[in-house]
Amino acid sequence: MTNVPTDDGPWLVVGLGNPGPGYAGNRHNAGFMVVDLLAERAGSRLKSHRSRADVAEVRLAGTRAILARPLSFMNLSGGPVSAVRTFYKIDPARVIVVHDELDIPFGSVRLKRGGGDNGHNGLRSISSALGTRDYLRVRVGIGRPPGRMDPADYVLRDFAAAERRELPLLLEHSADSVEMLITDGLEPTQNRYHALL
């Protein structure tokens, strides 16, 4: 069983981050970066939408998808995500949220459906707004902060120089995993990407 929803409605792929140029290179904006890459691959650009999100209607792996970046700050992502989902009449089972994950080493990608928010306020806001935790997550590993650095400060800093050299590959793997998730379902995608370092 592949866990791919059987209806032919669109997918909603949400990248989490904070809006504005001052946050663009932050670790917390990994989700935005992946959605931007997906839009670029599809030959599209995200544009302002009445749902308080930047949105693009694209085809990913031959399937209709809505890409979205909430224009609220991370902690308030749920409102725009819920508004986009309602506008396009997308089932929560077809929602994929791409976000940074502290507890996964930098360079790794992990996928799951449902579960807790692990202290991620963007996920907490989305779960509350959707009324369910049962949506797909693509978790982009950013690693733990060094020493005693506050994780809240760490996620709001830009990727380090050494990380920036590896970042394009991480974003490519993350975007690839979104497309495979849509075509093949959760378990095959987990089997492929969880085996990578």
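Using N, Cα and C of the backbone, Cβ positions are placed for all residues, glycine too.
Look at His28 (active site, proton acceptor): DSSP puts it in a helix. His28 (active site, proton acceptor): 22 other CB atoms within 10 A of its CB, across all protein chains. For His28, the entry in Swiss-Prot reads active site, proton acceptor, with the evidence type sequence analysis.
Taking a C-beta cut-off of under 8 Å and a sequence gap of six or more, Phe73 (tRNA binding site) has these contacts in its own chain: Asn18, Pro19. In the three-state DSSP reading, Phe73 (tRNA binding site) counts as coil. Summarising the annotation, Swiss-Prot assigns tRNA binding site to Tyr23, Phe73, Asn75, Asn121.
Taken from Swiss-Prot, the feature site 'Discriminates between blocked and unblocked aminoacyl-tRNA' applies to Asn18, supported by sequence analysis. DSSP classifies Asn18 (site 'Discriminates between blocked and unblocked aminoacyl-tRNA') as coil under the three-state reduction.
Cβ environment of Asp100 (site 'Stabilizes the basic form of H active site to accept a proton'): Leu16, Arg27, His28, Asn29, Ala30, Gly31, His120, Arg139, Val140, Ile142, Val155 lie under 8 Å away, each six or more residues apart in the same chain. Annotation note: Asp100 (site 'Stabilizes the basic form of H active site to accept a proton') sits in a strand segment as assigned by DSSP. Feature annotation from Swiss-Prot assigns site 'Stabilizes the basic form of H active site to accept a proton' to Asp100.
Comment: tRNA site residues Tyr23, Phe73, Asn75, Asn121; largest CA to CA distance 16 Å, whole number. The C-beta environment of Asn121 (tRNA binding site), restricted to residues of the same chain at least 6 apart in sequence and closer than 8 Å, consists of Met74, Asn75.
In this view, Asn18 (site 'Discriminates between blocked and unblocked aminoacyl-tRNA') is surrounded by 22 other Cβ atoms within 10 Å of its Cβ, with every protein chain counted. The record gives Tyr23, Phe73, Asn75, Asn121 for tRNA. Within 8 Å of the mean position of their Cβ atoms, the other Cβ atoms in that chain belong to Asn18, His28, Ser72, Met74, Leu76, Ser77, Gly122.
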